[in-house]
Amino acid sequence: MVERVQRVGRSCLEDSPVSLGPDYPPDHSKSISFNVSYSEKMARAGHAGPIHIRKRHHHRPRPLRQAAAGPPGSRRHPLLRRRYMDPQHPDRRPRRLRDLRGRRGLGGVPGVGVLPSGEPRGGGGRMRGVRDAWGEFFRLPAELKRSYANAPTTYEGYGSRLGTEVGAELDWGDYFFLNLLPESAKDYAKWPTEPPNCREITEEYGREVVKLCGALLRLLSISLGLGADFLERSFGGAEEVGAACLRVSYYPKCPQPELTLGLSAHSDPGGLTVLSADDRVLGLQVRKAGRWITVRPLPGALIVNVGDQIQVITNGIYKSVEHRVVVNAVAERLSIAVFYNPRNDLLIGPAPELLTPEQPPLYRPMTYGEYRMFIRKNGPKGKVQVESLKTV
């Protein structure tokens, strides 16, 4: 473990010509590059990273102090276990999902749709395999990782979570972004060939999680008293779901974690996010009642978060989750997120079936493509963007 920690902390300062991340505008006139020579010099001098992080990585420290409450501010997600997805007991499903409303997303899903057939429950073999493969990738030499750098016109490939413009606060972390659906959006030239099993196991993992997302949409629809295919149709239909993509986030150890964030506070703009979080190194936090709560992932479980589009479609019955990532000075951290989103051209608004005179529409309709551009223009700002769509 010591050797692994000593080899990280460099890539968040690399200067490959990467574009901004998937929640930021593709306006490369405002892109920010990294200085790999600086961090590599520090590494050759015997440091895993810079002694002091640069000011452009500084975030206002007040909310970070608020988050540093320790164990009293930590909790596990509520669970949606396998039995609640059992087709032999459909009556359990909507009741359990309703119980989870308003409790920071849907909770942990222990291996559902991810464990290979015959693997012991909770074993997480495929999940562990994909995490190990990407851990190896991010420990590869910088020049090899840069060969997968994303271009200013696309997000697919290796890049960094940066601010929206020069001078903006930067996050402390790198990412690798891949398209899963539609097939035509995949650029296999950007899929890594090292380590050798990375491409194959990532594609298998993504395929299984996409199936899980479809099942979760059906459960959510049933819990709302609607047809099982309602949300999937709202996303474009089972055969035309807008997009599924995967992002691996890597957070090197940080010499001054109190001054920065691994990922700024935001809610996911799309539909569902299925996250494989690091259960050994904590970092994911959700906002509840004005406080930041550290999530303690269950080993072998997936965390499922509702995105802004489901909040809008359900007229606020299900709410998207405001979350962020904090970093630490001791160990690297890695997470893998799959995003399941509507088609860009679909108008997304509150479902008429959920509206009454007493419950009028809370949000104005907008296509998902328009909303994505709105998010990219403004950058991550908590839940400001989705709340700005409110009509009342």
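Glycine residues also receive a Cβ, built from the backbone N, Cα and C atoms like all the rest.
Just so you know, TrEMBL annotations never went through curation; they're auto-generated.
Of the listed segments 1-28, 141-168, TrEMBL assigns region 'Disordered' to 1-28.
Summarised by DSSP class, the composition of the domain 'Fe2OG dioxygenase' (242-342) is 9 helix, 45 strand, 47 coil.
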